[in-house]
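As annotated by TrEMBL, domain 'Fumarylacetoacetase N-terminal' applies to A:24-123. Among the features that TrEMBL reports, domain 'Fumarylacetoacetase-like C-terminal' is placed at A:130-410. The Ca(2+) binding site annotation in TrEMBL covers A:D131, A:E204, A:E206, A:D238. The substrate binding site annotation in TrEMBL covers A:Y133, A:R147, A:Q245, A:Y249, A:T354. The active site, proton acceptor annotation in TrEMBL covers A:H138. According to TrEMBL, the feature Mg(2+) binding site maps to A:D238, A:K258, A:S262.
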Protein chains: 2
Amino acid sequence: MNEVDFFQLKSWVEVPAHSDFPIQNLPYGIFSTDGTTARPGIAIGEHILDLQAVAKLGYFDELAIDIHVFDQEVLNPLIALGKPVWQALRKKLIELLSEGNPSLASKADQVLYKQAEATMHLPVQIGDYTDFYSSEEHASNVGVMFRGKDNALMPNWKHLPVAYHGRSSSIVVSGTDIHRPKGQVLPPGEEKPVFRSSKRMDFELEMAFITGSNTALGQSISTAEAEEHIFGMVVFNDWSARDIQRWEYVPLGPFLGKNFGSSISPWIVTLAALEPFRVKGPEQNPEVLPYLQYDGNKSFDIQLEVALQPQGAEETVICQSNFKYLYWNMAQQLAHHTVNGCNIRVGDMMASGTISGKQPDSFGSMLELSWGGKNTIHLQGGETRTFLEDYDTVIMRAHSSKFGLRIGFGEVKSQLLPAIKE
Amino acid sequence: MNEVDFFQLKSWVEVPAHSDFPIQNLPYGIFSTDGTTARPGIAIGEHILDLQAVAKLGYFDELAIDIHVFDQEVLNPLIALGKPVWQALRKKLIELLSEGNPSLASKADQVLYKQAEATMHLPVQIGDYTDFYSSEEHASNVGVMFRGKDNALMPNWKHLPVAYHGRSSSIVVSGTDIHRPKGQVLPPGEEKPVFRSSKRMDFELEMAFITGSNTALGQSISTAEAEEHIFGMVVFNDWSARDIQRWEYVPLGPFLGKNFGSSISPWIVTLAALEPFRVKGPEQNPEVLPYLQYDGNKSFDIQLEVALQPQGAEETVICQSNFKYLYWNMAQQLAHHTVNGCNIRVGDMMASGTISGKQPDSFGSMLELSWGGKNTIHLQGGETRTFLEDYDTVIMRAHSSKFGLRIGFGEVKSQLLPAIKE
């Protein structure tokens with residue numbers, strides 16, 4: 001099928017205009033409905049296709065895969081089958097869902113659920129979580145505020161995709177509310193820290209990729225091979241308590257300012273679905289070392305937005321950014337991560353770092369949008385913010401579009417609750 | 001039983017003098033023997049007691065626990081049963097192994113294996129791995145070398161137990177060899193990094209504790225409760241590539257300089273077994289915030305040593321230290337880690353950071369022992385080192401002793417292999 005025909009393909013499942021989930025997308029998630037256990041599904045329009053049910057009806061028999069992978073409460077066993085199976089499954093699902101194919105359509109009532117009536121769960125058991133720091137604009141903005149203009153971008157930043165390890169236990173799915181964390185803070189001008197709840201609560205607009213293979217300790221992945229090891233992507237809100245972070249982060253990096261919670265969108269959009277949206281990345285100067293060099297387009301044009309919704313009010317979009325702004329691409333990130341022999345496992349999550357653009361309305365955190373609390377962020381209805389208030393809801397969305405085709409990620413939406421009382 | 005009687009207790013299993021594993025210890029591990037699957041066992045003298053076999057013979061029936069926990073290839077399900085079960089199981093095992101009790105002794109051939117004939121495996125599935133930085137002497141030594149004397153100990157260091165997240169996928173059990181990593185290094189005096197194998201390979205002498213419960217996101221653990229959530233401890237070698245670390249670590253902390261591999265001793269010594277070795281910790285001045293204050297003795301007197309063995313040569317002990325030197329204790333570490341609501345899971349691993357003492361021969365890394373490569377470390381047979389050479393074996397050992405009772409950890413022993421060729 002050529003690209004024009006593929007873009008125009010329709011499903012027998014109704015897909016509203018501007019839906020994130022046309023037949024060309026088919027993102028994977030873990031869902032449950034009343035009284036049933038969580039299981040793999042794919043999003044199509046406003047519905048979920050129950051992969052366990054489809055498998056039990058025998059539709060995947062010819063793929064010669066162990067259908068018990070569809071009985072699991074996480075996607076790891078399915079993902080572990082590897083890229084040839086991802087491709088075969090995508091092809092089969094497109095065939096089964098295509099308009100005019102009566103085979104599965106005649107059994108729709110056995111395999112389709114409304115998304116509005118389902119609960120979404122964390123889609124993978126996350127092994128390790130790594131957070132990169134790959135936006136030049138974000139790193140520069142934060143650097144100026146934390147260390148001054150002269151030390152904003154560290155000498156290593158343009159030579160390697162800086163990253164640090166984060167906490168996987170506290171990564172939760174969209175809809176899970178987060179409590180404002182407590183911790184040590186050094187009040188301005190004082191010499192002794194105090195213990196209190198954070199007063200500078202922030203989000204970070206990020207995306208994360210999920211690895212799709214297990215490698216051996218000692219093995220490295222080249223930039224050319226990297227995408228074979230990436231299953232798909234989600235939107236990632238890296239909640240941050242700036243006052244806690246600022247006091248603790250020297251010399252070993254962020255810790256309690258971050259690990260109280262991170263939120264992801266529930267649907268994993270595959271690299272296959274994003275294929276039409278490849279673009280050239282930013283020029284890298286100085287030239288990077290050979291193991292970080294790459295061929296072809298490894299960046300993706302994915303439009304991003306963050307909306308803030310005070311309790312009982314309308315939402316206001318306060319940031320519009322794009323994944324393509326990142327200086328370092330995913331292939332470079334994975335090549336760097338493994339160049340020392342560090343092994344990866346199916347289900348590892350690697351986040352991009354905050355994705356900021358050059359314009360002030362594209363900054364991906366309130367730290368940057370309010371420039372350290374100095375500027376006011378205006379919301380619909382007259383409310384203002386510098387950092388998050390209790391009961392604020394943060395909504396992040398992502399989608400790519402081209403020639404009428406829209407491939408979306410849905411959203412990650414979570415409310416900030418007050419600190420827990422003793 | 002009073003302490004004197006308990007100290008003199010003997011097992012019907014022969015335990016050589018100076019064994020790390022008398023009946024008072026009973027550490028947990030995962031082992032396999034020829035052609036069998038990995039399963040839980042405990043070390044006693046030079047043998048392993050096969051807990052799966054003991055369970056199948058019905059000896060644990062009265063404990064009313066699901067005996068399938070003994071069929072697992074990791075200890076997590078057993079540990080998840082909680083402290084009351086850990087205590088009941090320890091009591092039952094001491095009874096079954098006591099000299100003069102013929103019950104299990106009469107079936108010794110069905111339940112005992114020689115350690116020398118068994119393979120040890122990673123004892124737990126590690127959820128998240130955190131590395132603290134809790135030795136004042138180590139933090140000061142490294143601070144002087146990396147940042148100069150005036151910035152050695154950061155302003156936050158005496159107010160909170162500094163820590164960072166590490167990589168769990170690359171934690172391996174004693175006996176797994178480690179390849180010298182490759183990565184970016186900034187040669188002295190140059191402005192551009194080069195790609196090469198590390199020339200400053202080091203170990204770090206640490207201990208790690210393994211958490212024994214699952215907490216909810218938002219829940220904090222107090223210093224008073226902390227030890228209820230700690231199952232036991234292992235010896236931990238945090239391999240480090242100093243040249244890679246130095247170039248990459250600003251501003252987000254160590255990454256590729258550490259995550260190519262960490263090695264642990266195979267036997268988890270329980271806190272119950274270490275009870276007789278509690279000691280007072282160092283005085284903490286300035287006074288810490290209330291959530292870090294604690295009652296009672298939360299430090300442990302555990303003697304540590306590191307031996308270096310060049311290929312084909314004898315080993316030389318190059319460091320003797322003690323776990324009690326640490327400024328921050330495990331209860332404080334866990335209270336700090338969760339004060340922001342960060343959740344923990346059964347099998348998380350939390351390492352101490354390098355354990356150095358005041359004397360130069362107690363420094364827990366070659367970076368400190370050779371003072372950044374300036375001093376020579378002398379080995380038996382005339383060899384010298386500043387950092388590790390290919391095929392060097394690093395052996396770390398730990399034990400507590402008192403009134404003739406020795407509770408030991410065995411050892412973590414791994415060889416450094418050359419970098420993998422392209």
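Each Cβ is built from the backbone N, Cα and C atoms, and glycine gets one as well.
Just so you know, TrEMBL annotations are computer predictions that nobody has curated.
A strand conformation is recorded for A:E204 (Ca(2+) binding site) in the three-state DSSP classification. Note on A:Y133 (substrate binding site): other Cβ atoms within 10 Å of its Cβ, all shown chains, come to 22.
Using a 10 Å Cα-Cα cut-off from A:E206 (Ca(2+) binding site), none of the recorded positions among A:H138, A:R147, A:Q245, A:Y249, A:K258 qualify. Cα separation, A:Q245 (substrate binding site) to A:K258 (Mg(2+) binding site), rounded: 7 Å.
According to DSSP, A:T354 (substrate binding site) is assigned to coil rather than to any helix or strand. Proximity to chain B (CB-CB distance below 8 Å) holds for A:Y133 among the recorded positions A:Y133, A:H138, A:Q245, A:K258. Secondary structure of the domain 'Fumarylacetoacetase N-terminal' (A:24-123) per DSSP (helix as H, G, I; strand as E, B; remaining residues coil): 44 helix, 22 strand, 34 coil. Neighbours of A:E204 (Ca(2+) binding site) among the binding-site residues A:Y133, A:R147, A:Y249, A:T354, defined as a Cα within 10 Å of its Cα, are A:T354. Calculated from their C-alpha atoms, the gap between A:S262 (Mg(2+) binding site) and A:T354 (substrate binding site) amounts to 13 Å.
Spatial neighbours are here defined as Cα atoms within 10 angstroms of one another, and by that definition the residue listed as 'active site, proton acceptor' has no neighbours among the binding-site residues A:D131, A:R147, A:D238, A:Y249, A:K258. In this structure the C-alpha atoms belonging to A:D238 (Ca(2+) binding site) and A:R147 (substrate binding site) are separated by 21 Å. Just so you know, of the recorded positions A:H138, A:R147, A:K258, the Cβ with the fewest other Cβ atoms around it within 10 Å is the one at A:R147. When secondary structure is read from DSSP and collapsed to three states, A:Y249 (substrate binding site) falls in the coil class.
A gap of 10 Å separates the Cα atoms of A:Y249 (substrate binding site) and A:K258 (Mg(2+) binding site).
A Cα-Cα distance of 14 Å separates A:Y133 (substrate binding site) from A:K258 (Mg(2+) binding site).
If you compare Cα positions, A:K258 (Mg(2+) binding site) sits closest to A:D131 out of the binding-site residues A:D131, A:R147, A:T354. Separation of the C-alpha atoms of A:T354 (substrate binding site) and A:D131 (Ca(2+) binding site): 9 Å, rounded to the nearest whole number.
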